[in-house]
Amino acid sequence: MVQIMTAFLIAFRICFRLLQEDIYGVISGALLYIKDDFEAVSKSSFLQETIVSMALVGAMIGAAAGGWINDAFGRKKATLLADVVFALGSAVMAAAPNPYILILGRLLVGLGVGVASVTAPVYIAEASPSEIRGGLVSTNVLMITGGQFLSYLVNLAFTEVPGTWRWMLGVAGIPAVIQFCLMLCLPESPRWLFIKNEKAKAISILSKIYEFPRLEDEVDYLSSQLEDERQKKNGVSYWDVFRKKEIRLAFFAGAGLQAFQQFVGINTVMYYSPTIVQMAGFHSNQLALLLSLIVAAINAAGTVLGIYLIDHAGRRKLALTSLFGVVISLIILSWSFFVESSDSTSVLYGWMAVLGLTLYIAFFSPGMGPVPWTVNSEVYPEAYRGICGGMSATVNWVSNLIVAQSFLSVAEAVGTGATFLILAGVAVVAFAFVIVFVPETKGLTFEEVEAIWKEKAWGSGSTTRSLLERGNEF
């Protein structure tokens, strides 16, 4: 019980830092008011998309560098750096005199988010026992979705305050400052310390996670792995990820999940949900924000369910169920916009669009929300975890950028209904991808997961074969 509570505390505090990532989601509501202040923004869908997506450009760069920062300087220092950059970006956004300085602030915020997106899941996975690792990494996603809910509350709180959007974006820096102070009190990842040959510090930290009998086993195990991991580390390069078949397969599965998480449209829904609600016929800014708040609340509630299910139902089954529901929800959304465009006098179709949004979040949040991050924290060998984690997170942000930068333009070009129908088709492809390429990792150690990829790559071996069969159950 002590080890579970301690590991949960570590996970919770790290996830609290990711509250910033979701307060940064206030752009969805702030955009409604930015258009009122800057005429150039209100007249240009491209400029609106750029304000939203420039944070994703920063996140992409931050995630790409985050793997190296984590491996070179540790998980703790990486998080502290992300906090500083994020707080600076929030201040720049709040003071922006024109859309272009606002875009610069969004870039800085994105850099902080990108580094954090690599750091938190790995830290949690390395500091927690394998039997509860999935739930703890999913707690990370709960803090994300909880932050999204709070972001809409922030939006509503400042709707009647002078300088509306400046307050919305500026307060996002407060959690960064708080988390910076909290992180000063938290330890480094014990597994990383072992790799860096700082055994005394690692053992001290492990004693706070495990009770004595388990502590002794864990220390012996990490000590036996130290030399092997150091030898692997000396020969690690980005090219190895693609040259070594078992690493390539693991990266393909992990990065594919990250890409599909975005290409099925989740952050389009979260960033533009007030705008989508207005497209559905609800033209009041405040009503659009209120309806979006309900969507965000369902997102947070669904993630709570996902935390339970991910270590009981398993990663693979949860992802497949989630994607099935996403397809149905996107079809409802698409249909409501197609019909609404032909009968603009009825408010019924607007409510059908809101229902589609709600169902989409209800299905997405327990499954495709936490599963990609959980799987990516588990599927890579230690020597490649930082590199692959950073590359995979970069894939996530690049995919996010593509969707966010194109959604409004595509919706204008082919119609909102057709846009959601395209996303439904992508979700069908994602369903097939999970069936074919993603094994189950529930309850397996890092080494057992590595054995699955070796079996997939090279075959043979009765022990690894049984693990592979277990990994493919759903």
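Using N, Cα and C of the backbone, Cβ positions are placed for all residues, glycine too.
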Choose the correct range: of 13-34, 387-408, which one does TrEMBL annotate as transmembrane segment? Give that range.
-> 387-408
For the domain 'Major facilitator superfamily (MFS) profile' (1-442), the mean pLDDT of the predicted model | 80
For the transmembrane segment (249-272) and the transmembrane segment (103-124), decide whether they are in contact, meaning at least 3 CB pairs lie under 8 A, counting pairs 6 or more apart in sequence.
-> no
